[in-house]
């Protein structure tokens, strides 16, 4: 990967304990767009799709606080008045449900994946590798559990004791297909690669020799797990229709490929040299029949990706080194130019989040600044409004703290870079309409970064802090079925501090916070929020876990092992419905180290199933109970049935969040600022951008030039409000034609037939006509981005798929996207 720019180089200065971003002098690197949106949060009734796993190296945990103390205690300022009494007989109950497994294994790393949802099947792959002068020696072991990690069986013989390539991971099939693919190491002279396939939840494996050497992990079609996609080391695109038993190369010179809806495949191809050499001159193709026929849907492509129902492409502008985002909602048959600033060679785009209603887009600022601007789209993904200035995003390949709080709709948390280079956290409760600082926790004091010791706010540590090697073991955590709960490391002051953080919890989706635990911890949520488990982050061996049955108000300590272990990971089944937690680590003696896991089942702590009177009604987003609009966000309010903190009972695996929505009348809070307007900080009204005053707002929409008359507001995509305020907004057709030529697909290709000559002649005539129109209209509509004049393109260009537009990926566990820079190297 290319060398990160600016702040991503990791050089920091720390005056007054602030986390600051240092400006660097070396020239900036070329930007890489990141156009793949992170996958949406899981639905209330989890249907896990795709590999979800954890991977740890053989190492001790990073330095942390003291060894956890035993006993019970209460955090400050609890939300309910209660004593932290000791749970009856909890030590005996947990002791009877603690299962140790010692692995007779000296491997240097462990990878863990769940196979299916609620199946109890876990695969563990250990690897040991010693690099020699020319070749490397290694071995792998594969273990399987079918009781959530309480017991493991060595099944290495099922893969013929073959060394498995860990860079490909364990490719787990979608839904509960039970499919698993492991990619094996082969000798240098082999004609192709080798995989081991299982379709029965890893009970059996079949060895398959490939006619190619894979470059990437096998990609399952979301609609049919028998359909697989793979890129070869020679840039060939290969497809299998029978779960990898047989393969067919459907195209050569492919740079990037992705599955779209309905088994559509989108891919970019180079025509002159290589993927890197042709970056910005790639072609985007689509096949809807697994490679029988093809259609070129875009040219001059820099990168592309998928998010929600949108297909995005980063496209080079004519006679320029800038590029623009184009959007399609019909798999690339027609395209529209997004009303966003163009970016130069050293900048990037990044899709932070996308769903069927809207897109969060980060646009990098010119220069080596380490920040950019967040824009939010309309429901077409075309017209964008400025949402947040100075958004921290260090570089292509760098990190952003942008976090979707999945436990409450409309809530996102991220970081901004202040003028003094300090980093501050911001939160939005209305999907980017307004951002504000996080409230100071009631049971916390302002730290040394605060100018006023009585006025400060909470600042959240996320991906950027982790990338800078601060003492932050985990990113913020929330789960869709644990309504309102958010857990995160943070500091309380005027900006993020480099001092040792504490752990904070919110039970209302981020409106209010309380210190939950002192010092850094690992944490996870079980039983849809019924239990929270934590382990202190320490460089010493540990044997104590903490758990809470009342959303972090009171904590119990449990010694899970007489012999402390070097802790490496805390694992629970994705979806937060499980009652089991696995603690992974290793023990070491003078000459040896051994992997060990402890799986603890909390089923006897929550002995009874929850009943109706264990739940209480809770109005989400409630800030002013006396106001009839209280709780109205995005046009409606929601009342939830939530577990009482005092109830010690089990929600169960089949728990479904119960909620009752009701429509609200429209108010200013239901509107974003329209194109050309913005909301000043801490203001509710939109004001016109100074540089736009007196200018006519004209744009090109689907080939027609139109005039926009607006009072500065447009409804938030997905907002359901009815009646009430309705700011005037009118789009008038000026009866003038316009076009844009950034995307210009020239041909439709088929394996079975060539394009007739007569169609080529007709196409040439059409191109000539279009070129004439473009010359006439070049400065009227389209072309380079203007602040007060914007252009929308309709052309037969690209297909659905926006992954990895310009920026770097977030996380590497299946919840974030790959970047072009990763795939082009």
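Cβ atoms are placed via backbone N, Cα and C, with glycine included.
The motif 'DXXLL motif involved in the interaction with GGA1' annotation in Swiss-Prot falls on one of the ranges 815-819, 820-824, namely 820-824.
Residue ranges 785-790, 791-796, 797-802 are listed, and Swiss-Prot annotates 785-790 among them as motif 'Endocytosis signal'. Secondary structure by DSSP for the repeat 'BNR 2' (196-207): 0 helix, 5 strand, 7 coil. Along the repeat 'BNR 2' (196-207), the predicted structure has mean pLDDT 97. Summarised by DSSP class, the composition of the repeat 'BNR 9' (546-557) is 0 helix, 7 strand, 5 coil.
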